[in-house]
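Here is what TrEMBL says about this protein:
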- 20-44: transmembrane segment (TRANSMEM)
- 37-286: domain 'G-protein coupled receptors family 1 profile' (DOMAIN)
- 56-74: transmembrane segment (TRANSMEM)
- 94-115: transmembrane segment (TRANSMEM)
- 136-154: transmembrane segment (TRANSMEM)
- 196-221: transmembrane segment (TRANSMEM)
- 233-249: transmembrane segment (TRANSMEM)
- 269-288: transmembrane segment (TRANSMEM)
Amino acid sequence: NETKVMYFILLGFPTTGELQLLLFSALFLVYLLTVLENLLIILIIRNNHSLHKPMYLFLGNLSFLEIWYVSVIEPKMIMDVLSHDKRISFQGCMAQLHFFVTLVCTEYVLLAVMACDRFLAICKPLRYPLIMRHRFCAQLVAGCWMCGLTTSSIKLSFIAHLSFCDVDKINHFFCDISPLLNISCSDSSLAELVDFILALLVIMVPLCTVLASYICILVTVLKIPSSQGRQKAFSTCSSHLTVVILFYSTTLFTYCHPKLMYTYRANKLVSVLYTVVVPLLNPLIYCLRNKEVRSAMEKTFTC
């Protein structure tokens, strides 16, 4: 209610007239490919009974999440490349921020759950079918979404009550937390503290879970006497580990570096990686590095 601005201006990336059409075409193509790739993975998992396993249930949910993840950011970014009117209403900005934070936090927790699934499959193979039942997996997925939704709602409740006086320009291509905190003309210390605590919980707890899971997996795999057995065990989690490294490394740079070292140019470039490039690469990584997915894809296309 204290907000005086009715809209924000997303500055995005400064481009010349010659590059605008090229950038628009590239971003539009990447967006279409990302959506189609993730839709393809969902259809392959749904139509192949051999993939009706916990690992692929989580993968299907990750693909579903990333379709919405890119759809929250990229359509507006693509339109702003050619448009002179880069405005976004205050309500639209808060809605975009809410969905974006929900999806990012959900992905953090979901990747940690997928790491735990690989830990149980490799380190506790006899107990794995008893623990990872379909109902329990569905509860884990629902818990991931609830964590993301709760975290986002708390963050937004503090940010939406900040005052944004005469400064209505956001030096970013979407509404993110740090740019909004930087242009607020009211005391944002409480919002920054809440954001830091929640970011610490949502990022570091899943990250520690992933690290602990893969350390246990590594120890277990090294105890396997045959090299073929070790290679098979590693192959089941190599694609997930690659996705984890890509997503965590890019987002950690953005949300965990000191504010004094914060530069808009570096932040925007890294943001492009985890909002555009990583969602495009994830389906390719799972298709190229996972034999079961490749085999199911071949069957699907053959049919």
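Any Cβ shown, glycine's included, is placed from N, Cα and C.
Keep in mind that this is a model prediction, so the values were computed, not measured.
Outside the transmembrane segment (233-249) by six or more residues, the chain places 55, 107, 111, 114-115, 118, 121-122, 203, 207, 210, 214, 217, 220-221, 224, 274, 278, 281-282, 285-286, 289-291 with a CB less than 8 A from a CB of the stretch. Here the domain 'G-protein coupled receptors family 1 profile' (37-286) has a mean pLDDT of 86 out of 100.
Within the same chain, the transmembrane segment (20-44) stays apart from the transmembrane segment (196-221): fewer than three Cβ pairs sit under 8 Å, each pair at least 6 residues apart. Beyond the transmembrane segment (136-154), the same-chain residues lying 6 or more positions past its ends with a Cβ under 8 Å from any Cβ of the stretch are 54, 57-58, 61, 98-99, 101-110, 113, 194, 198, 201-202. Within its own chain, the transmembrane segment (94-115) is flanked in space by residues 55, 58-59, 61-62, 65-66, 68-69, 72-73, 76, 88, 140-141, 143-145, 147-149, 151-153, 155-156, 159-160, 174-177, 180, 202-203, 205-207, 209-210, 213-214, 237, 240, 243-244, 247-248, 251, which lie at least six positions past its ends and keep a Cβ under 8 Å from the stretch.
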